[in-house]
Structure formats: structure tokens, C-alpha cells
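J.: First the structure, which I've put down as C-alpha cells, then a few questions once you've had a look.
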Amino acid sequence: MLNLLLLALPVLASRAYAAPAPGQALQRVGIVGGQEAPRSKWPWQVSLRVRDRYWMHFCGGSLIHPQWVLTAAHCVGPDVKDLAALRVQLREQHLYYQDQLLPVSRIIVHPQFYTAQIGADIALLELEEPVNVSSHVHTVTLPPASETFPPGMPCWVTGWGDVDNDERLPPPFPLKQVKVPIMENHICDAKYHLGAYTGDDVRIVRDDMLCAGNTRRDSCQGDSGGPLVCKVNGTWLQAGVVSWGEGCAQPNRPGIYTRVTYYLDWIHHYVPKKP
């Protein structure tokens, strides 16, 4: 089944910058059809940086506890990256302009992760020190296990990724936001089978995944690992983690996210429920 799925999805792409490892061609990178985020919004958004000629943004993430960041496994695994070459930047309006990079003490990749398309595309980063929570920087709320995020619910995805297929976010690199509707998994799966070489009995969109977006609005390369959030009864809940898709805002190819409720037990094995 694994080989069948990998062979059947040759053009899907995960949404992270930098050369992907074998089988990781599907990661996501940017916001298509969105606009610059207001400075007062999305205080849990973080940027993951890797040391190159400078500390380069390569993925997003979310602050779920003063000392823990939630991101996509394909950003930091399956082989754990060198901690010395990894940093976290908390919420900033423009990349690189007021960096205060934080070191990471531990990377935990879900043990079942192999590629984003197979699932379990989720990872945790433990910061060396807890951050000071403020109105500008604070945690996002994880959903209760019972939350389903029904089809059509308007949600938001944020990041500093590409603004279109193969079109990088230009300076001054503002944080972007876009509203996307939730889509039922079985409808999303049917859409991904259109024009694909997979049989209808092969599940492309799995139970631990969540679909959102349309042909005008989507996440894209560079947004990988970032949060998909939905407002439920006045509280922003993180429904998903940007994972993969085919192109960005393409017909019949919604964005695919790791479903956070599916992994709550795993998350709370490491992350305290209360700071």
C-alpha cells in the first residue's frame, strides 16, 4: 500500500522550503489569495529557522505552551535535525526585521511519521526556556477531542510562505493570512482521485488529516507546520497543522492538514495541559 500511494502521487508537494528528502515532495510553503495579517492577530504564530548564510525561515509552527511549539514532522524529520542549526522566532510582523531567535532543546517527531502523505505529520519542539506570554505573544488553544470542525466552517491559515505556485513572498516578508473553508474528508479524497492513477479503494486523505481551501485560497510552500485555526464559541482552536497538497489553490486539490484532535493524546504525553 505504501509503495502504491507513493507511486500514485508523483506531483504532490509538502509545503516546506529547502530540498525535500526522498518521498517528501508534497510539503506546503505559502499563503495564496490572502492578505497581510493585522499586527494584533495570530500571537501564537512562529517561524522555524535553519542556519545557512543567515537564519533562514523554512517552516511555520504554533506556540501551544510557553515552552512547546507544534509543527509538521516533515519540517524536522524523519531524521531529527541538528539542534544547534535550528531556532524558533516568535510572532513578528515581518521576517528578519526584529529577530530574537530562541534555541530548541528537544525535537520530538511522531514515531509513525514517514512522509506527509502517509500521515502522522506532526512534531513537537521544546524550547530551552519558557517564553514570556503577553498580548503580542501567547499560546493557541488545542481543541477538545470531541470537536469535529464541520464542513463549511470558515477557518484561517497563516504563514510567510509562497504567495502563488513558485512565487516567493517578497520583501518586507509580511505575515499573511487567508480564510479557508473546511471540507469533508470523503469529498476531499474524491477530488484528489480525479486525474490520479490511484484506485478508488486507495485512501489518499486519511482519518488523521483535515482538508480546507478552494481554488482561490490556500496555503502553499513555506507555510508547512503552521496553524489552521477556527473560532468556536469565541475561542480560537487549532484544528490543523499545514501538511501537504498538490500545488497551491489548484482545482480539485484542497490543502491537507494534520488533524490535531487525532493526536491530542500524543501531544499531551509530552506537553502539560496547563502551563
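Every residue, even glycine, has its Cβ placed from backbone N, Cα and C.
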J.: Which candidate in Asn132, Asn233 appears in Swiss-Prot with the annotation N-linked glycosylation site?
T.: Asn233
J.: Which one is it, Cys59, Cys75, Cys155, that Swiss-Prot ties to Cys230 with a disulfide?
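T.: Of the listed candidates, Swiss-Prot names Cys155 as the partner.
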J.: Roughly how many Å lie between the Cα atoms of Cys211 (disulfide bond) and Cys155 (disulfide bond), rounded to a whole value?
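T.: Just about 11 Å between their Cα atoms.
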J.: Spatially, and counting Cα to Cα, which of the recorded positions is closest to Ser224 (active site, charge relay system)? Options: Cys59, Cys155, Cys188, Asn233.
T.: Cys59
J.: So how many other Cβ atoms are close to Cys155 (disulfide bond), meaning within 10 Å of its Cβ?
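T.: Taking every protein chain into account, the count is 25.
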J.: Counting only other Cβ atoms and using a 10 Å cut-off, which of the disulfide-bonded residues Cys188, Cys230 scores lowest?
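T.: Counting other Cβ atoms within 10 Å of each of the disulfide-bonded residues Cys188, Cys230, the minimum falls on Cys230.
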